[in-house]
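Input: a single structure, listed below in structure tokens.
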């Protein structure tokens, strides 16, 4: 659900997106969240 997706994106932000916002790992992580 939306809550899971939001939590997933928050985890992405903590893991990679916060350090490298445009990085491929960040994009891959968020794409994975959208697939959930």
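Cβ coordinates come from backbone N, Cα and C, glycine included.
These features come from Swiss-Prot:
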type: DISULFID; residues: 8-33; note: disulfide bond
type: DISULFID; residues: 12-29; note: disulfide bond
type: DISULFID; residues: 17-26; note: disulfide bond
type: MOD_RES; residues: 10; note: methionine sulfoxide
type: MOD_RES; residues: 36; note: valine amide
Work out the three-state DSSP category of residue 26 (disulfide bond). helix
Rounded Cα distance in angstrom between residue 8 (disulfide bond) and the residue listed as 'valine amide' is 9
Counting Cβ atoms within 10 Å of each Cβ, the densest environment among the recorded positions 12, 33, 36 belongs to 12
Just to be sure I understand the packing, how many Cβ atoms besides its own are within 10 Å of the Cβ of residue 17 (disulfide bond)? 19
Given the recorded positions 10, 29, which one is most crowded in terms of C-beta atoms within 10 angstroms? 29
